[in-house]
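Colleague: Below: one structure in structure tokens.
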Amino acid sequence: MANNVGVLLATDMQALPDSVEQWAIKNYEDKLSGGASLQVAKNILESSFKLEAGTSSMGAVVSLVQTPGLHSPAYLAEVARVLVSGGDLIVQEPLLAEAQEQKCSSAQTKAQLERNLLLAGFVNLEVVDSVVGVEIAKACTTSSVALNVVAVKSSKPSWDTGSVFQIRKKVSNQNGNFRTSGNYQPVKLTAGETVDDFPLNSKPAVKVDLSSDFKNDEEELIDEDDLLTEEDLKAPVLPAAESCAPTKKACKNCTCGRAELEEKEQETKLTTAQINNPTSSCGSCGLGDAFRCAGCPYRGMPTFKLGEKVFSGFLLWNQYIRSVPLISKLGNITLGGSLLVADA
């Protein structure tokens, strides 16, 4: 700890008795040696709990208040700011004897005070003898509220934010012997040693041996095929043509039969005149579906030349034969290559 750090007495009183300053000089003689001074901060309530001391400038702080509840987390955080790492802190204030209706609204219990100290980062809390000379505020001395002056000593940790320190570990070797790292020093492992991060007093983990579950090979196993029912073994039924997505035409690789239904429907829509002498008002009907409008009767048909007969599959060809009286009288008609053969 630096030699120039001092001791701070903080209070909400207008002035501290001389006996309190003498007590501080006697108890912190080691910290006041080497040119360090004893400083007094009065009326901390009026200064909004802001201390004029610099950051990490005090080796010890003694906060003596006569108003209950002044040691709030915000004020204790300000005290931690002015304390050096490892500095001592004594807080003293009137506390409630036990949890009860608070007529003095700011009063808190000893447990609440210790909780505030822990939240502010202080450690090593212990109750010490109170400093004589600081009494309870008269505004809170009512017969219905039991208040006792209590002093709690604590210290600021010796490490700062971002500090790195070693964690004590337990080391075991192949022989089962254990050794520790001593006073939190790094452990250097030798060959065959392992590090155990569990606390020294922790119980060993329970080991579960599952290998015995597979030693008996004679046990009867369940055939997964026996779990299948007749419904599971049935082939799935393909959806009907109506189950296709609501598109204008069948899919490119249609397998549900919709393409055939559309072709039949298209063939039945064409009249004899449209088959024998196809015409087009737009001139694009014979170029294919890419050039046909949505209402074109030739949608789905292959390309053809306007003014020539349209042949689209066996059904359309059969319809065309039935519509021509002369050919229908010839009897059986077969199509071989590009020749039309009719039996009289």
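Every residue gets a Cβ built from N, Cα and C, even glycine.
Owing to the predicted nature of the structure, the values given are computational and were not obtained by experimental measurement.
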Colleague: Among 244-256, 309-321, where does Swiss-Prot put the label region 'Fe-S binding site A'?
Modeller: 244-256
Colleague: Have a look at 61-64, 89-92, 205-208, 293-296 and point to the one annotated motif 'Cx2C motif 2' in Swiss-Prot.
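Modeller: That would be 293-296, the stretch labelled motif 'Cx2C motif 2' in Swiss-Prot.
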Colleague: For a quick check of packing: other C-beta atoms within 10 Å of the C-beta of Cys293 ([4Fe-4S] cluster binding site), how many?
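Modeller: Result for Cys293 ([4Fe-4S] cluster binding site): 9 other Cβ atoms within 10 Å.
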Colleague: By the DSSP assignment reduced to helix, strand and coil, which category contains Cys293 ([4Fe-4S] cluster binding site)?
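Modeller: For Cys293 ([4Fe-4S] cluster binding site) - judged by DSSP and reduced to three states - the answer is coil.
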Colleague: Please name the residue among the binding-site residues Cys251, Cys254, Cys256, Cys285, Cys296 whose C-beta has the most neighbouring C-beta atoms within 10 angstroms.
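Modeller: Per the Cβ count within 10 Å, the most buried is Cys285.
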Colleague: Out of Cys251, Cys254, Cys256, the binding-site residues in the record, which is closest to Cys285 ([4Fe-4S] cluster binding site) when you go by Cα distance?
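Modeller: Given the candidates Cys251, Cys254, Cys256, the nearest one is Cys251.
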Colleague: Tell me whether Cys282 ([4Fe-4S] cluster binding site) sits in a helix, a strand or coil according to DSSP.
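Modeller: Reduced to three states, the DSSP call for Cys282 ([4Fe-4S] cluster binding site) is coil.
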Colleague: I need the CA-to-CA distance for Cys254 ([2Fe-2S] cluster binding site) versus Cys282 ([4Fe-4S] cluster binding site), whole Å please.
Modeller: 30
